[in-house]
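Chemist: What follows is a structure written as structure tokens; I'll ask about it next.
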Amino acid sequence: MAYPFQLGLQDATSPIMEELLHFHDHTLMIVFLISSLVLYIITLMLTTKLTHTSTMDAQEVETVWTILPAIILVLIALPSLRILYMMDEINNPSLTVKTMGHQWYWSYEYTDYEDLNFDSYMIPTQELKPGELRLLEVDNRVVLPMEMTIRMLISSEDVLHSWAVPSLGLKTDAIPGRLNQTTLMAMRPGLYYGQCSEICGSNHSFMPIVLEMVPLSYFETWSALMV
């Protein structure tokens, strides 16, 4: 989860988020190099006493500043497309969970079980226990097995919502009448927090998401008690 005054992204918990962090660093380095070059050129222009009033054209320079940006764009686009295809790839998920957005709560249905579904509401501030997080705790957490591929089917009952968990690299729109899907895999156990990331009305800020990633044996025990 995020911490006060945090400058970087949240710690990666899934392979997709790790790839996104690498891509972020890759792109940031390119931006840093370009910015340094531009700043250097501006400094030279402001400090040099040389002028080129007789220069009418520079074909070589124009060629360079046409080809070089194209190469830079390719260097950014190729890893981006690779991650995009990775995010869309769904191979033999071990579990499927259907998520529906409502004003202003989430409902979950484990489609591999006959009667395992529940609603997840935010716990009001006045009901929080010591150590719990304001605006992020829910009455029913989504318990999922770690180190397994899980498919999330996401839609909405009313208006546009967006189901997002930053530490897993997830953000999928919940659109009425449309069923979107995404996959997740957590590499370690723990609680992972998210929120609705699409403005959906007056209580948009009160739609938290809490995933509890646990070992498979614990998940099987929990699901048996819930059914």
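Glycine too: its Cβ is placed from the backbone N, Cα and C atoms.
The Cu cation A1 binding site feature in Swiss-Prot is assigned to HIS161, CYS196, CYS200, MET207. Look at Swiss-Prot and you will find CYS196, GLU198, CYS200, HIS204 tagged as Cu cation A2 binding site. Residues annotated as Mg(2+) binding site in Swiss-Prot: GLU198. The phosphotyrosine annotation in Swiss-Prot covers TYR218. Sequence annotations record features per position, and here Swiss-Prot assigns topological domain 'Mitochondrial intermembrane' to 1-14, 88-227 based on similarity to another entry. Summarising the annotation, Swiss-Prot assigns topological domain 'Mitochondrial matrix' to 46-59 and lists similarity to another entry as the type of evidence. As annotated by Swiss-Prot, transmembrane segment applies to 15-45, 60-87, with the evidence given as similarity to another entry.
Situate these features within the shown structure.
Modeler: A sphere of 10 angstroms centred on the C-beta of CYS196 (Cu cation A1 binding site) encloses 25 other C-beta atoms.
Note on CYS200 (Cu cation A1 binding site): other Cβ atoms within 10 Å of its Cβ, all shown chains, come to 21.
Under a cutoff of 8 A between CB atoms, and with a sequence separation of 6+ in the same chain, the neighbours of GLU198 (Cu cation A2 binding site) are LEU160, HIS161, SER162, ASP173, ALA174, HIS204.
All protein chains included, TYR218 (phosphotyrosine) registers 15 other Cβ atoms within 10 Å of its own Cβ.
Counting residues 6+ beyond its ends, the topological domain 'Mitochondrial intermembrane' (1-14) has Cβ neighbours under 8 Å at 20-21, 24, 133, 136, 166-170, 184-188, 190-193, 213 in the same chain.
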Chemist: By a Cβ-Cβ criterion of under 8 Å, what residues six or more beyond either terminus of the transmembrane segment (15-45) are in contact with it?
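Modeler: Sequence-remote neighbours of the transmembrane segment (15-45) are 9, 72, 75-76, 79-80, 82-83, 86-87, 166-170, 184-185, 187.
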Chemist: Under DSSP, is CYS200 (Cu cation A1 binding site) helix, strand or coil?
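Modeler: In the DSSP reduction, CYS200 (Cu cation A1 binding site) maps to coil.
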Chemist: Count the residues of the topological domain 'Mitochondrial matrix' (46-59) that DSSP assigns to helix (H, G, I), to strand (E, B) and to coil, and report the three numbers in that order.
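Modeler: Going through the topological domain 'Mitochondrial matrix' (46-59) residue by residue, I get 3 helix, 0 strand, 11 coil.
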Chemist: Radius 10 Å, atoms counted are CB only; among the binding-site residues HIS161, HIS204, which position scores highest?
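Modeler: Per the Cβ count, the most surrounded site is HIS161.
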Chemist: Please report the DSSP secondary structure of TYR218 (phosphotyrosine), reduced to three states.
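Modeler: For TYR218 (phosphotyrosine) - judged by DSSP and reduced to three states - the answer is helix.
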